[in-house]
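**Q** Let me give you the structure first, and then I'll get to my questions.
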Amino acid sequence: MTEPRTLSVLGATGSVGASTLDLVRRQSGAWRIVALTAHSNAIELARLAHEFSAEIAVVADEARLPELREALAGTGVEAAGGPAALVEAAARGADVTVAAIVGCAGLAPTMAAIEQGGVIALANKEALVSAGEVMTAAVARHGATLLPVDSEHNAIFQCLQGNDAQHVHWITLTASGGPFRDWSWEQLTAATPAQAIKHPNWDMGAKISVDSATMFNKGLELIEAHHLFPVGLDRLRIIVHPQSIVHSMVEYRDGSTLAQLGPSDMRVPIASALAWPQRMDTPCEPLDLAAIGELTFRSTDEERFPATRLAREAAQEGGGIPAVLNAANEVAVAAFLDGQISFTRIAAQVEHVLNAYVPPPPGCLSDVLAVDSEARARARQLMETA
Ligand code: NAD
Ligand code: MG
(Lines of atoms letter the chains of each structure in order from A and count residues from 1; the text may use other names and numbers.)
(Lines give C-alpha, C1' and ligand atoms only; values in the text may rest on other atoms or scores of the structure.)
(Ligands and ions follow the chains in the order given, each with its own letter.)
Protein backbone atom coordinates (compact mmCIF):
# COMPACT_ATOMS: atom_id res chain seq x y z
CA MET A 1 0.00 0.00 0.00
CA THR A 2 1.26 3.50 -0.83
CA GLU A 3 1.94 5.95 1.98
CA PRO A 4 -0.90 8.44 2.55
CA ARG A 5 -0.24 11.96 1.27
CA THR A 6 -0.47 14.76 3.80
CA LEU A 7 -3.15 17.43 3.45
CA SER A 8 -4.05 20.71 5.15
CA VAL A 9 -7.32 22.53 4.56
CA LEU A 10 -7.29 26.26 5.33
CA GLY A 11 -10.95 27.23 5.64
CA ALA A 12 -12.17 23.70 6.38
CA THR A 13 -15.64 24.77 7.57
CA GLY A 14 -16.54 26.66 4.39
CA SER A 15 -18.17 25.58 1.17
CA VAL A 16 -14.92 24.65 -0.63
CA GLY A 17 -13.55 23.14 2.60
CA ALA A 18 -16.63 20.91 2.93
CA SER A 19 -16.40 19.78 -0.70
CA THR A 20 -12.71 18.96 -0.19
CA LEU A 21 -13.35 16.93 2.95
CA ASP A 22 -16.22 15.13 1.25
CA LEU A 23 -13.73 13.83 -1.35
CA VAL A 24 -11.15 12.96 1.31
CA ARG A 25 -13.79 11.03 3.27
CA ARG A 26 -14.36 8.85 0.20
CA GLN A 27 -10.64 8.08 -0.16
CA SER A 28 -9.98 6.76 3.29
CA GLY A 29 -6.35 5.78 3.76
CA ALA A 30 -5.15 8.02 0.92
CA TRP A 31 -4.65 11.11 3.07
CA ARG A 32 -3.25 12.06 6.46
CA ILE A 33 -4.59 15.41 7.68
CA VAL A 34 -2.12 17.90 9.12
CA ALA A 35 -4.08 21.13 9.78
CA LEU A 36 -7.74 22.10 9.57
CA THR A 37 -8.65 25.75 10.18
CA ALA A 38 -11.74 27.93 10.56
CA HIS A 39 -12.64 31.49 11.39
CA SER A 40 -14.91 31.15 14.42
CA ASN A 41 -17.01 27.98 14.26
CA ALA A 42 -15.01 26.08 16.88
CA ILE A 43 -17.60 23.33 17.34
CA GLU A 44 -17.79 22.40 13.66
CA LEU A 45 -14.01 22.64 13.36
CA ALA A 46 -13.53 20.33 16.35
CA ARG A 47 -15.99 17.85 14.86
CA LEU A 48 -14.08 17.76 11.56
CA ALA A 49 -10.63 17.67 13.20
CA HIS A 50 -11.73 14.72 15.33
CA GLU A 51 -13.38 12.90 12.42
CA PHE A 52 -10.27 13.26 10.24
CA SER A 53 -7.74 12.78 13.08
CA ALA A 54 -6.04 16.05 12.20
CA GLU A 55 -2.71 16.87 13.79
CA ILE A 56 -3.89 20.41 14.64
CA ALA A 57 -7.07 22.51 14.50
CA VAL A 58 -6.81 26.29 14.43
CA VAL A 59 -9.55 28.81 14.99
CA ALA A 60 -8.54 32.26 13.68
CA ASP A 61 -10.75 34.08 16.18
CA GLU A 62 -8.72 33.61 19.35
CA ALA A 63 -11.75 34.23 21.58
CA ARG A 64 -13.07 30.83 20.42
CA LEU A 65 -9.95 28.91 21.46
CA PRO A 66 -11.29 27.81 24.89
CA GLU A 67 -14.35 26.38 23.15
CA LEU A 68 -12.14 24.54 20.64
CA ARG A 69 -9.88 23.20 23.41
CA GLU A 70 -12.81 21.91 25.36
CA ALA A 71 -14.37 20.25 22.33
CA LEU A 72 -11.07 18.55 21.44
CA ALA A 73 -10.08 17.48 24.96
CA GLY A 74 -8.95 13.86 24.99
CA THR A 75 -9.02 13.46 21.19
CA GLY A 76 -5.27 13.87 20.66
CA VAL A 77 -5.83 16.77 18.25
CA GLU A 78 -3.85 19.93 19.10
CA ALA A 79 -5.91 23.10 19.40
CA ALA A 80 -4.63 26.59 18.63
CA GLY A 81 -6.10 30.06 18.05
CA GLY A 82 -5.35 33.44 16.48
CA PRO A 83 -3.88 34.65 13.19
CA ALA A 84 -0.27 33.77 14.14
CA ALA A 85 -1.27 30.20 15.00
CA LEU A 86 -3.03 29.98 11.64
CA VAL A 87 0.20 30.92 9.85
CA GLU A 88 2.22 28.49 11.99
CA ALA A 89 -0.14 25.64 11.21
CA ALA A 90 0.07 26.40 7.47
CA ALA A 91 3.86 26.48 7.81
CA ARG A 92 3.89 22.89 9.06
CA GLY A 93 3.67 22.08 5.37
CA ALA A 94 1.75 19.28 3.71
CA ASP A 95 2.02 17.53 0.37
CA VAL A 96 -1.15 19.44 -0.58
CA THR A 97 -2.60 22.56 1.07
CA VAL A 98 -6.09 23.55 0.01
CA ALA A 99 -6.27 27.35 0.40
CA ALA A 100 -10.01 27.87 0.93
CA ILE A 101 -10.22 30.82 3.30
CA VAL A 102 -12.34 33.65 1.92
CA GLY A 103 -10.74 37.04 1.41
CA CYS A 104 -7.32 38.55 1.95
CA ALA A 105 -7.42 36.98 5.44
CA GLY A 106 -6.14 33.85 3.69
CA LEU A 107 -3.07 35.51 2.23
CA ALA A 108 -0.56 35.13 5.10
CA PRO A 109 -1.33 31.43 5.77
CA THR A 110 -1.29 30.68 2.03
CA MET A 111 2.13 32.34 1.71
CA ALA A 112 3.35 30.30 4.70
CA ALA A 113 2.25 27.11 2.92
CA ILE A 114 3.92 28.25 -0.32
CA GLU A 115 7.19 28.71 1.58
CA GLN A 116 7.11 24.98 2.39
CA GLY A 117 7.24 24.20 -1.32
CA GLY A 118 4.32 21.76 -1.62
CA VAL A 119 1.25 21.77 -3.81
CA ILE A 120 -1.12 24.66 -3.13
CA ALA A 121 -4.65 23.99 -4.39
CA LEU A 122 -5.83 27.59 -4.55
CA ALA A 123 -9.49 28.52 -4.16
CA ASN A 124 -8.74 31.73 -2.23
CA LYS A 125 -8.60 34.03 -5.27
CA GLU A 126 -8.50 37.22 -3.17
CA ALA A 127 -5.05 36.20 -1.88
CA LEU A 128 -3.58 35.92 -5.39
CA VAL A 129 -5.38 39.06 -6.61
CA SER A 130 -3.97 41.08 -3.70
CA ALA A 131 -0.44 39.69 -3.69
CA GLY A 132 0.02 39.13 -7.45
CA GLU A 133 3.71 38.93 -8.30
CA VAL A 134 4.64 38.72 -4.61
CA MET A 135 2.85 35.36 -4.53
CA THR A 136 3.93 34.05 -7.94
CA ALA A 137 7.55 34.97 -7.16
CA ALA A 138 7.35 33.09 -3.84
CA VAL A 139 5.93 30.06 -5.64
CA ALA A 140 8.91 30.07 -8.02
CA ARG A 141 11.44 30.77 -5.26
CA HIS A 142 10.25 27.93 -3.03
CA GLY A 143 9.56 25.42 -5.80
CA ALA A 144 5.87 25.22 -4.84
CA THR A 145 3.17 24.17 -7.30
CA LEU A 146 0.12 26.40 -7.57
CA LEU A 147 -2.90 24.46 -8.86
CA PRO A 148 -6.09 26.45 -9.47
CA VAL A 149 -9.27 25.20 -7.83
CA ASP A 150 -11.46 28.05 -9.05
CA SER A 151 -13.53 26.21 -11.65
CA GLU A 152 -12.66 28.54 -14.56
CA HIS A 153 -8.94 28.48 -13.86
CA ASN A 154 -8.95 24.77 -13.28
CA ALA A 155 -10.66 24.41 -16.68
CA ILE A 156 -8.04 26.62 -18.35
CA PHE A 157 -5.23 24.74 -16.61
CA GLN A 158 -6.62 21.48 -17.99
CA CYS A 159 -7.03 22.95 -21.51
CA LEU A 160 -3.41 24.11 -21.49
CA GLN A 161 -1.95 20.71 -20.55
CA GLY A 162 0.24 19.31 -23.29
CA ASN A 163 -0.21 22.39 -25.46
CA ASP A 164 2.08 25.22 -26.43
CA ALA A 165 1.16 28.36 -24.45
CA GLN A 166 2.94 30.42 -27.14
CA HIS A 167 0.11 29.50 -29.50
CA VAL A 168 -2.72 30.70 -27.27
CA HIS A 169 -4.89 33.19 -29.09
CA TRP A 170 -7.59 33.71 -26.46
CA ILE A 171 -8.37 32.48 -22.99
CA THR A 172 -12.10 32.86 -22.43
CA LEU A 173 -13.45 32.87 -18.89
CA THR A 174 -17.10 31.91 -18.71
CA ALA A 175 -19.41 33.70 -16.26
CA SER A 176 -22.87 32.56 -15.22
CA GLY A 177 -23.84 36.24 -14.97
CA GLY A 178 -25.18 35.60 -11.46
CA PRO A 179 -28.76 35.86 -10.21
CA PHE A 180 -29.26 39.41 -11.58
CA ARG A 181 -27.93 38.96 -15.11
CA ASP A 182 -31.30 39.99 -16.64
CA TRP A 183 -32.21 42.69 -14.10
CA SER A 184 -32.57 46.34 -15.06
CA TRP A 185 -30.53 49.03 -13.31
CA GLU A 186 -33.62 50.08 -11.33
CA GLN A 187 -34.12 46.52 -10.11
CA LEU A 188 -30.41 46.25 -9.24
CA THR A 189 -30.56 49.32 -7.02
CA ALA A 190 -33.19 47.56 -4.88
CA ALA A 191 -31.56 44.08 -4.81
CA THR A 192 -31.43 42.57 -1.32
CA PRO A 193 -28.69 40.43 0.29
CA ALA A 194 -31.06 37.42 0.36
CA GLN A 195 -31.62 37.75 -3.40
CA ALA A 196 -27.89 38.21 -4.07
CA ILE A 197 -26.74 35.11 -2.21
CA LYS A 198 -29.19 32.86 -4.02
CA HIS A 199 -27.03 31.81 -6.95
CA PRO A 200 -28.88 30.03 -9.79
CA ASN A 201 -26.21 27.34 -10.43
CA TRP A 202 -23.69 27.13 -7.59
CA ASP A 203 -24.00 26.65 -3.83
CA MET A 204 -21.26 28.86 -2.38
CA GLY A 205 -20.26 31.07 0.57
CA ALA A 206 -22.01 34.45 0.98
CA LYS A 207 -19.11 36.66 -0.13
CA ILE A 208 -18.43 34.90 -3.45
CA SER A 209 -22.17 34.72 -4.11
CA VAL A 210 -22.44 38.51 -3.84
CA ASP A 211 -19.30 38.82 -6.01
CA SER A 212 -20.99 36.64 -8.55
CA ALA A 213 -24.05 38.90 -8.55
CA THR A 214 -21.97 42.09 -9.02
CA MET A 215 -19.57 40.37 -11.47
CA PHE A 216 -16.66 41.28 -9.16
CA ASN A 217 -16.12 37.54 -8.99
CA LYS A 218 -15.33 37.54 -12.72
CA GLY A 219 -13.24 40.68 -12.29
CA LEU A 220 -11.17 39.02 -9.55
CA GLU A 221 -10.93 35.93 -11.76
CA LEU A 222 -9.61 38.00 -14.65
CA ILE A 223 -6.77 39.23 -12.40
CA GLU A 224 -6.29 35.69 -11.07
CA ALA A 225 -6.00 34.36 -14.65
CA HIS A 226 -3.55 37.13 -15.52
CA HIS A 227 -1.17 35.80 -12.83
CA LEU A 228 -1.76 32.10 -13.37
CA PHE A 229 -1.59 32.15 -17.18
CA PRO A 230 0.72 34.98 -18.27
CA VAL A 231 -0.40 35.21 -21.92
CA GLY A 232 -1.08 38.96 -21.67
CA LEU A 233 -4.21 40.76 -20.46
CA ASP A 234 -5.33 41.49 -24.01
CA ARG A 235 -5.69 37.75 -24.62
CA LEU A 236 -8.07 37.27 -21.68
CA ARG A 237 -11.77 37.78 -22.25
CA ILE A 238 -15.05 37.06 -20.51
CA ILE A 239 -18.25 35.63 -21.91
CA VAL A 240 -21.58 35.10 -20.13
CA HIS A 241 -22.72 31.47 -20.22
CA PRO A 242 -25.81 31.13 -18.01
CA GLN A 243 -25.77 27.30 -17.75
CA SER A 244 -22.28 27.11 -16.09
CA ILE A 245 -21.44 23.89 -17.95
CA VAL A 246 -18.51 25.12 -20.05
CA HIS A 247 -16.14 26.23 -17.29
CA SER A 248 -13.74 28.10 -19.59
CA MET A 249 -11.98 27.79 -22.94
CA VAL A 250 -8.59 28.16 -24.58
CA GLU A 251 -8.44 29.05 -28.26
CA TYR A 252 -5.19 28.34 -30.09
CA ARG A 253 -3.92 30.21 -33.13
CA ASP A 254 -4.53 27.20 -35.35
CA GLY A 255 -8.28 27.67 -34.81
CA SER A 256 -8.78 24.89 -32.22
CA THR A 257 -10.75 25.83 -29.12
CA LEU A 258 -10.44 23.48 -26.14
CA ALA A 259 -13.06 23.69 -23.41
CA GLN A 260 -13.59 21.87 -20.14
CA LEU A 261 -17.18 20.92 -19.35
CA GLY A 262 -18.65 19.53 -16.17
CA PRO A 263 -21.48 19.78 -13.68
CA SER A 264 -21.65 22.91 -11.47
CA ASP A 265 -20.05 21.05 -8.59
CA MET A 266 -16.81 22.28 -7.02
CA ARG A 267 -15.82 18.71 -6.25
CA VAL A 268 -14.82 18.37 -9.93
CA PRO A 269 -12.06 21.03 -9.94
CA ILE A 270 -11.06 20.16 -6.35
CA ALA A 271 -10.63 16.49 -7.33
CA SER A 272 -8.60 17.53 -10.36
CA ALA A 273 -6.21 19.47 -8.09
CA LEU A 274 -6.07 16.79 -5.36
CA ALA A 275 -5.24 14.01 -7.79
CA TRP A 276 -3.05 15.98 -10.21
CA PRO A 277 -1.27 14.84 -12.34
CA GLN A 278 -3.48 11.79 -12.03
CA ARG A 279 -7.29 11.60 -11.84
CA MET A 280 -9.60 10.40 -9.10
CA ASP A 281 -13.23 9.30 -8.99
CA THR A 282 -15.89 11.68 -7.66
CA PRO A 283 -19.54 11.09 -6.79
CA CYS A 284 -20.60 14.02 -9.02
CA GLU A 285 -23.63 13.71 -11.27
CA PRO A 286 -22.49 12.82 -14.78
CA LEU A 287 -23.10 15.51 -17.38
CA ASP A 288 -26.37 14.91 -19.21
CA LEU A 289 -26.09 17.27 -22.17
CA ALA A 290 -29.28 15.99 -23.81
CA ALA A 291 -31.21 16.91 -20.65
CA ILE A 292 -29.49 20.32 -20.48
CA GLY A 293 -30.40 20.80 -24.14
CA GLU A 294 -28.85 24.18 -24.81
CA LEU A 295 -25.58 25.90 -24.03
CA THR A 296 -25.87 29.63 -24.68
CA PHE A 297 -23.36 32.49 -24.67
CA ARG A 298 -23.58 36.27 -24.72
CA SER A 299 -21.35 39.24 -24.04
CA THR A 300 -21.04 40.97 -20.68
CA ASP A 301 -22.80 44.28 -19.97
CA GLU A 302 -20.33 46.61 -18.27
CA GLU A 303 -22.92 49.40 -17.98
CA ARG A 304 -24.98 47.44 -15.46
CA PHE A 305 -22.01 45.48 -14.13
CA PRO A 306 -18.92 47.75 -14.08
CA ALA A 307 -16.85 45.32 -11.98
CA THR A 308 -15.08 43.63 -14.89
CA ARG A 309 -14.04 47.01 -16.32
CA LEU A 310 -12.66 48.10 -12.93
CA ALA A 311 -10.77 44.82 -12.55
CA ARG A 312 -9.28 44.99 -16.05
CA GLU A 313 -8.10 48.56 -15.40
CA ALA A 314 -6.64 47.50 -12.03
CA ALA A 315 -4.80 44.58 -13.66
CA GLN A 316 -3.43 46.93 -16.34
CA GLU A 317 -2.11 49.31 -13.71
CA GLY A 318 -0.78 46.41 -11.62
CA GLY A 319 1.38 47.00 -8.53
CA GLY A 320 -0.80 47.53 -5.46
CA ILE A 321 -3.95 48.54 -7.38
CA PRO A 322 -5.55 45.06 -7.52
CA ALA A 323 -5.08 44.80 -3.71
CA VAL A 324 -6.95 48.10 -3.34
CA LEU A 325 -9.76 46.85 -5.58
CA ASN A 326 -10.01 43.64 -3.60
CA ALA A 327 -9.97 45.30 -0.17
CA ALA A 328 -12.52 47.95 -1.18
CA ASN A 329 -14.75 45.21 -2.55
CA GLU A 330 -14.47 43.10 0.63
CA VAL A 331 -15.52 46.09 2.74
CA ALA A 332 -18.37 46.99 0.37
CA VAL A 333 -19.68 43.41 0.22
CA ALA A 334 -19.67 43.15 4.02
CA ALA A 335 -21.53 46.48 4.23
CA PHE A 336 -24.08 45.33 1.66
CA LEU A 337 -24.65 42.03 3.49
CA ASP A 338 -25.08 44.06 6.66
CA GLY A 339 -27.75 46.23 5.06
CA GLN A 340 -25.63 49.40 5.18
CA ILE A 341 -25.32 50.08 1.44
CA SER A 342 -27.32 49.25 -1.67
CA PHE A 343 -26.25 46.65 -4.22
CA THR A 344 -25.22 49.20 -6.87
CA ARG A 345 -23.16 51.14 -4.30
CA ILE A 346 -20.71 48.21 -4.13
CA ALA A 347 -19.05 48.94 -7.48
CA ALA A 348 -19.42 52.71 -7.04
CA GLN A 349 -17.63 52.56 -3.74
CA VAL A 350 -14.83 50.35 -5.09
CA GLU A 351 -14.30 52.81 -7.96
CA HIS A 352 -14.20 55.69 -5.50
CA VAL A 353 -11.51 54.06 -3.36
CA LEU A 354 -9.49 53.15 -6.48
CA ASN A 355 -9.55 56.79 -7.60
CA ALA A 356 -8.54 58.07 -4.17
CA TYR A 357 -5.71 55.71 -3.24
CA VAL A 358 -2.73 54.79 -5.44
CA PRO A 359 -0.23 52.86 -3.30
CA PRO A 360 3.38 52.18 -4.26
CA PRO A 361 3.93 48.69 -5.73
CA PRO A 362 4.30 46.15 -2.91
CA GLY A 363 7.57 44.22 -2.82
CA CYS A 364 6.80 41.69 -0.10
CA LEU A 365 3.97 40.20 1.93
CA SER A 366 3.97 42.91 4.60
CA ASP A 367 3.72 45.61 1.89
CA VAL A 368 0.64 43.86 0.45
CA LEU A 369 -0.93 43.59 3.90
CA ALA A 370 -0.25 47.30 4.50
CA VAL A 371 -1.95 48.25 1.21
CA ASP A 372 -4.88 45.97 2.07
CA SER A 373 -5.30 47.53 5.48
CA GLU A 374 -5.02 51.13 4.23
CA ALA A 375 -7.54 50.46 1.43
CA ARG A 376 -9.96 48.97 3.98
CA ALA A 377 -9.60 52.01 6.23
CA ARG A 378 -10.30 54.32 3.28
CA ALA A 379 -13.30 52.28 2.19
CA ARG A 380 -14.78 52.41 5.71
CA GLN A 381 -14.08 56.13 5.99
CA LEU A 382 -15.87 56.68 2.70
CA MET A 383 -18.97 54.95 4.04
CA GLU A 384 -18.96 57.08 7.17
CA THR A 385 -18.79 60.32 5.19
CA ALA A 386 -21.17 59.26 2.37
P1 NAD B 1 -17.09 30.23 2.85
O2 NAD B 1 -17.52 31.53 3.39
O3 NAD B 1 -18.09 29.15 2.69
O4 NAD B 1 -15.89 29.65 3.74
C5 NAD B 1 -14.78 30.42 4.08
C6 NAD B 1 -13.86 29.69 5.03
O7 NAD B 1 -12.84 30.62 5.44
C8 NAD B 1 -14.52 29.18 6.31
O9 NAD B 1 -13.89 28.01 6.73
C10 NAD B 1 -14.26 30.30 7.31
O11 NAD B 1 -14.27 29.86 8.63
C12 NAD B 1 -12.88 30.76 6.87
N13 NAD B 1 -12.62 32.17 7.17
C14 NAD B 1 -13.44 33.22 6.92
N15 NAD B 1 -12.89 34.36 7.36
C16 NAD B 1 -11.72 34.05 7.92
C17 NAD B 1 -10.70 34.79 8.58
N18 NAD B 1 -10.81 36.12 8.76
N19 NAD B 1 -9.61 34.13 9.03
C20 NAD B 1 -9.49 32.79 8.88
N21 NAD B 1 -10.44 32.03 8.27
C22 NAD B 1 -11.54 32.65 7.80
O23 NAD B 1 -16.37 30.56 1.45
P24 NAD B 1 -16.24 29.61 0.18
O25 NAD B 1 -17.40 29.81 -0.70
O26 NAD B 1 -15.83 28.23 0.59
O27 NAD B 1 -15.01 30.31 -0.56
C28 NAD B 1 -13.69 30.16 -0.12
C29 NAD B 1 -12.74 30.74 -1.17
O30 NAD B 1 -12.87 29.94 -2.35
C31 NAD B 1 -13.10 32.17 -1.59
O32 NAD B 1 -11.93 32.86 -1.89
C33 NAD B 1 -13.91 31.98 -2.86
O34 NAD B 1 -13.81 33.07 -3.74
C35 NAD B 1 -13.24 30.74 -3.47
N36 NAD B 1 -14.12 29.96 -4.34
C37 NAD B 1 -15.26 29.40 -3.83
C38 NAD B 1 -16.08 28.67 -4.67
C39 NAD B 1 -17.34 28.01 -4.14
O40 NAD B 1 -18.00 27.32 -4.90
N41 NAD B 1 -17.70 28.19 -2.90
C42 NAD B 1 -15.77 28.54 -6.03
C43 NAD B 1 -14.60 29.12 -6.49
C44 NAD B 1 -13.77 29.83 -5.64
MG1 MG C 1 -14.92 30.70 -10.39
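Each Cβ is built from the backbone N, Cα and C atoms, and glycine gets one as well.
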**Q** SER176, SER184: which one does TrEMBL list with LYS125, SER151, GLU152, HIS199, SER212, ASN217, LYS218, GLU221 for the 1-deoxy-D-xylulose 5-phosphate site?
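**A** Of the residues offered, the record points to SER176.
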**Q** Please state which member of GLY178, GLY205, GLY219 TrEMBL lists alongside THR13, GLY14, SER15, VAL16, ASN41, ASN124, GLU126 for binding NADPH.
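**A** The one candidate that TrEMBL places in that NADPH site: GLY205.
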**Q** Between the Cα atoms of GLU126 (NADPH binding site) and GLU221 (1-deoxy-D-xylulose 5-phosphate binding site), find the distance and write it as a whole number of Å.
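**A** With the alpha carbons as reference points, the distance is 9 Å.
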**Q** Provide, as an integer number of angstrom, the distance between the C-alpha atoms of GLY205 (NADPH binding site) and GLU152 (1-deoxy-D-xylulose 5-phosphate binding site).
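**A** The Cα atom of GLY205 (NADPH binding site) is 17 Å away from the Cα atom of GLU152 (1-deoxy-D-xylulose 5-phosphate binding site).
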**Q** Setting ASP150, GLU152, GLU221 aside, what same-chain residues sit with their Cβ within 8 Å of the center of the Cβ atoms that define the Mn(2+) site, listed in sequence order?
**A** LYS125, PRO148, SER151, HIS153, ASN154, LEU173, ASN217, LYS218, GLU224, ALA225, SER248
**Q** Under a threshold of 6 Å between Cβ and any atom of ligand 2, which of the binding-site residues SER15, ASN41, LYS125, GLU126, HIS199 are retained?
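**A** Not one meets the Cβ criterion.
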